[in-house]
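Asks: Can you read through this structure? Questions will come right after.
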Amino acid sequence: MSSEAVFVPSEAVVSRTHVTAEQYGAQYARSVSDPDGFWGEQARRIDWIKPFTKVKNTSFEWPDISIKWFEDGALNVAANCIDRHLATRGDQTAIIFEPDDPKAEARHITYRQLHDEVCRFANVLKGLGVKKGHRVTIYMPMIPETAYAMLACARIGAIHSVVFGGFSPDALAGRINDCDSAVVITADEGRRGGKSVPLKTNVDVALEDCPGVEKVLVIRNTGGPIAMKGSRDVWWHEAAAGVDPVCDPEPMNAEDPLFILYTSGSTGKPKGVLHTTGGYLVYVSLTHELTFDYRDGEIYWCTADVGWVTGHSYILYGPLANGATTLMFEGVPSYPDAGRFWEVVDKHKVNIFYTAPTAIRALMGAGDQFVERADLSSLRLLGSVGEPINPEAWLWYHRKVGRERCVVIDTWWQTETGGFMISPLPGAIPTKPGSATKPFFGVQPAVLDPESGKVLEGEASGVLAIADSWPGQMRTIWGDHQRFKETYFQQYKGFYFTGDGCRRDEDGYYWITGRVDDVLNVSGHRLGTAEVESALVAHPKVSEAAVVGFPHEIKGQGIYCYVTLMADEPASDELAAELRNWVRKEIGPIASPDCIQFAPGLPKTRSGKIMRRILRKVAENDYGSLGDTSTLADPAVVDDLIANRKNR
Ligand code: WT7
């Protein structure tokens, strides 16, 4: 082992683990050499309506990219997440709902109640004309009804597309239109940190540009004032009154779509990542059980929003497939104060806690008194996801939250991967603060030379690619298989390209260093620089814009915008503020620029390409390594950029 800090699993951890170090080695080897045997066995963990006879049928060979798992099997995801638990754990809590307001009462929903709610929801959707294969957009707060809506879609074979409740009407409209949803599910308002979020009003604005939407199903959440529009808008409580609480699950082929989830890429338009039914469920249920070392009866809390893949895979589908008790939290870590997470842990005796480095850093900055006043003795395991975790935050998490008793796991994965790819298994893999450690079963990471694409062996730095398929992998981009192939398989032939850079150390541990493409990771949220740029240039006073990331203490990355104004348009602080609000309105608050620098010119090559490398260096305040600027059309531009750099 290397000289860095290494945390070896304690005896207590090893004695309860699903997978020991020895088993990890042997099973990993088998998962790679005999994927059909390995995954064929693992897939029996879920219930199949019609058993599969084929396991893996995948090709990464350009240009024939095709991914199929368990392709002749049939199953239903909702039945696996609910019905099959009823005989043994019908009265067990499936979902604990902790509201934003700490004084409001928490709700405990049993598996039996979940069954009734989901069946009724499914029948309401059927009543609105939703059929197998239809797309349903869900724009909701973090309330149990969101889980019912998603599971109801899965039950009747409709494809859900959840859009994060923090996105703007414009962003919502684009996502509704891209997948042609005729039905949108929303709530009157959401609640976060004591403030209300005008979800239904946002839907009303979005739908001005969505001619295909026929019905909007509205859940009454806050009771706040909203407008209901004629025959289009339907109250859930009215539609659900007297509806049949029984709805048979639709048999779905393993490769039928389960959901679409939009995520940012390096070009302007978000990609509709498509996940299917069988492989996804097998993968999220196995990874949830083994990576969290989940045991029956434990209370599990993932703090993500269901609007992101983390919420899909590890609030909903993975935990419920395993019959777990999963906590849904409506609020934010800082409300009413920076002790809220720890109060919720104590209140519900949470055993497994899973959050993002940005939250850890923010809470660390708020002072130790908040975490120190909590008991936290129920905690056993702490997880991290969304962005690289700096060793300082890892160690604070371990010491202050985990009281040096809990395992800390850093899980690397993506919307595209469906589930965990590189992560410690608690009883099997010693951890190093800041490293996601080793691959999960069936995952074959490769470090490639970014230029030549050559596979690098041993200790190496380069870009991270995956050499073969795993069951949770996305199957395509909704409506654009060509873009799917080009985005992930064209640059490095024979591999799935992740877009991340990484280093593999002398122990074979992986250290993810962040995106190598034009994707930003702001507080664990993925954003394309091109998305922010197109929002900026849509403003009448902006002629050109270039956006880059810079290291940010809390957010991981901040957003730095270089803006060229229209001729004769004077720059001012007021205009900078106006542009900041403009971007928030166009995309959503997560895209708020941290810095706006007005630049009369941007550094371009003679062929007109913006040299982002230089813009990144200026934003980072790192002029020593600007590199070769001689190819610029006008090298003097750089001096102006440096002279007018914004201090953050
Ligand atoms: C990108 C994927 C996976 C769910 C949340 C984000 C970054 C994610 C880690 C980690 C370092 C990480 C990568 C990745 N990322 N987890 N543990 N260590 N980086 O999903 O929005 O699809 O973003 O997030 O850059 O490519 P996503």
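Quick reminder: no glycine exception, Cβ is built from N, Cα and C everywhere.
According to TrEMBL, the CoA binding site annotation covers Arg192, Gly193, Gly194, Lys195, Thr310, Ser523, Arg584. TrEMBL lists Gly386, Glu387, Pro388, Asp410, Thr411, Trp412, Trp413, Gln414, Thr415, Asp500, Arg515, Arg526 with the feature ATP binding site. Sequence annotations record features per position, and here TrEMBL assigns Mg(2+) binding site to Val537, His539, Val542. The domain 'Acetyl-coenzyme A synthetase N-terminal' feature in TrEMBL is assigned to 24-81. What TrEMBL lists as domain 'AMP-dependent synthetase/ligase' is 83-469. What TrEMBL records for 531-609 is domain 'AMP-binding enzyme C-terminal'. Residues or ranges marked as N6-acetyllysine by TrEMBL: Lys609.
Relative to the rest of the structure, where do these features sit?
Replies: Residue density at Gly193 (CoA binding site): 14 other Cβ atoms are found within 10 A of its Cβ, drawing on all protein chains shown.
Cβ neighbour count for Trp413 (ATP binding site): 24 (other Cβ atoms within 10 Å of its Cβ, all protein chains included).
Residue environment of Val542 (Mg(2+) binding site) contains 21 other Cβ atoms, counted within 10 Å of its Cβ in all protein chains. DSSP assigns Val542 (Mg(2+) binding site) to a strand in the three-state reduction.
In the predicted model, the domain 'Acetyl-coenzyme A synthetase N-terminal' (24-81) shows an average pLDDT of 98.
Within 10 Å of the Cβ of Lys609 (N6-acetyllysine) there are 11 other Cβ atoms, across all protein chains. DSSP classifies Lys609 (N6-acetyllysine) as coil under the three-state reduction.
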Asks: For Pro388 (ATP binding site), write down the residues of its own chain that are at least 6 apart in sequence and whose Cβ falls under 8 Å from its Cβ; none is a fine answer.
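Replies: Non-local contacts for Pro388 (ATP binding site): Pro357, Gly434, Trp511, Ile512, Thr513, Gly514, Gly556.
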Asks: Mind running the binding-site residues Arg192, Thr415, Val542 against ligand 1 and keeping the ones whose CB falls under 6 Å of it?
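Replies: Only Thr415 meet the Cβ criterion.
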Asks: Counting other CB atoms within 10 A of each CB, which of the binding-site residues Lys195, His539 comes out lowest?
Replies: Lys195
Asks: Provide the three-state DSSP residue tally for the domain 'Acetyl-coenzyme A synthetase N-terminal' (24-81): helix first, then strand, then coil.
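Replies: Computed counts for the domain 'Acetyl-coenzyme A synthetase N-terminal' (24-81) are 26 helix, 11 strand, 21 coil.
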Asks: Which residue, of the binding-site residues Gly194, Gly386, has its CB surrounded by the fewest other CB atoms within 10 A?
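Replies: Looking at the binding-site residues Gly194, Gly386, the Cβ with the fewest others within 10 Å is that of Gly194.
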Asks: I need the nearest neighbour of Arg584 (CoA binding site) among the recorded positions Thr411, His539, Lys609, using C-alpha distances.
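Replies: Result for Arg584 (CoA binding site): the nearest of the recorded positions is His539.
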